[in-house]
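Per Swiss-Prot, the feature substrate binding site maps to Gly102, Gly103, Trp104, Gly212, His213, Arg248, Asn483, Leu484, Ser485, Pro486, Ser487, Thr518; the stated evidence is similarity to another entry. Positions annotated as Mg(2+) binding site by Swiss-Prot: Asp173. According to Swiss-Prot, the feature active site, proton acceptor maps to Cys211.
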Amino acid sequence: MAIMDTNTEVHTLFTQEVAATQQYFDDPRFAGIIRLYTARQVVEQRGTIPTDYTVARDAATAFYARLRELFAAGKSVTTFGPYSPGQAVSLKRMGIEAIYLGGWATSAKGSITEDPGPDLASYPLSQVPDDAAVLVRALLAADRNQQYLRLHMTEQQRAATPAYDYRPFIIADADTGHGGDSHVRNLIRRFVEIGVPGYHIEDQRPGTKKCGHQGGKVLVPSDEQIKRLNAARFQLDIMRVPGIIVARTDAEAANLIDSRADERDQPFLLGATNLKIPSYKACFLALVRCFYELGVKELHGHLLYALGDGEYAAASAWLDRQGILAQVSGTVNAWQENGKQSIDDLFEQVEYRLLAAWEKDAGLMTYGEAVEEMLQFGESEGELIGMSPEEWRRFVGRASLYAAREKAKELGVDPGWDCELAKTPEGYYQIRGGIQYAIAKSLAAAPFADILWMETKTADLADARQFAEAIHAEFPEQMLAYNLSPSFNWDTTGMSDEEMKRFPEELGKMGFVFNFITYGGHQIDGVAAEEFATALRQDGMLALARLQRKMRLVESPYRTPQTLVGGPVAMQRWLRPPDVRRQPRPWAKVRPSTSILCRPRCRRSC
């Protein structure tokens, strides 16, 4: 049967929904948020059949409000990433208000279709949402079980029994978005459908994504990160969910970027000031070819490229002048004679020498540093150039390459500088990573995100304060997040036990409202399993008895596992009529032989 409508009716309903959506955009919840689309574009993609996402919407609304309260009070949530649904429920029951779900644990865990592996986001787009769905389902079940048990308590029992908040306040790992706008939208849609209210998106390049504390990270330009954040917000608006978007940057420890197109990234591009040096790409490929020609056939990356003989000759001559070819020959001879060390390790040693030698001979630096060096020389010679090195440094910190070059021309300064010479064989540009770059990346993302996160190489309050102060100088109400990573060796951070204890509290004072141990649950799971397995081998069933004693001592709900997982709720439908106020029928008083609940004299802990 066809649905009949009139053009007037359709237009009226559409116009009303556009107006309502614009009103939603203008809500104080989104103060300072920029959307690169209109309310009309959102409504055009909603269709006519209403679809509601109650769990995600309500959780997002309440979670955001709570984070705002914490920000205003200079406090924070300190949490970790659970490795199982039981851990997620335990987190909430122990008073930790929010949960982190990271791709690290998802990678390490594997699935029915994916092998366990490192944190490279090499799993399907659906895998983290699938992991999140299990956590959300566990939290909702815990809430139902709690409600059922409390309804069957006396008033005195309810007063003596705390009620826990099992709302799924979760921020989940959206990695790089797994591709373009459509991939980001698909990923956010999956998170919303299963009830997740928060998502973090990072500025690494898909396909080369690394764990935040691994080397070799390749960034995308600032405009690409903004596109991801904007696509996420667009999908949330279509679904009418005020989700919490976290913009993560890896710029503090990254050294590569896949494009120089965005002006905000250009102050951090590295280039050669010795324009006669062979390109880094040519030197690297010549090094690989040298190993290959000496019989190390495992190294053959140069065969991917079509570098000309002239470039190879120039690069090989440079390697020879640096003494690197002689080192290659000695390394290969030693490897062929004993083979005790892997060829990858040996190549890495030579590669490090190549990198250090090339950077030194190339005079690798940013364009701003190249001009500043000339200004300092002129100043030392008593020349009046028109701008001091300090003034230039302040100007060039956020200037595009075009603007910087134009200003240098005005000053009569023209350093030889070429960032193309420093490109890697893959075509990536080298950059000057660090806190200043992370600040620049985050300032660009701030109008499109609810929370900013700078991934760091170690735990350092001074670095955190520098970042927070720079962000809040321009965005005073911007909430921040901090990774309390297990990848750090916290005993080598230089902090005392008391300083480590107060670390999350101090972060809260700076505006870091969501602070998390990414894969803490993975380590808890492993250590607990190792300890119990060891005890079981040594002490037999005494190991279990000791565990049960501990559960009874701390009144853990794990001492009654059937009740914990909802046994009473599961049996309700069979043992009494639907209306709990109605007088039970005689048969309802008889416990069936198939009941999952224990008999009165059973000594089990159910």
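Quick reminder: no glycine exception, Cβ is built from N, Cα and C everywhere.
Of all the binding-site residues listed here (Asn483, Ser487), the one with the fewest other CB atoms within 10 A of its own CB is Ser487. Cβ neighbours within 10 Å of Trp104 (substrate binding site), excluding its own Cβ and spanning all shown chains: 23.
Here the binding-site residues are Gly102, Asp173, Ser485; the one with the fewest Cβ atoms within 10 Å of its Cβ is Ser485.
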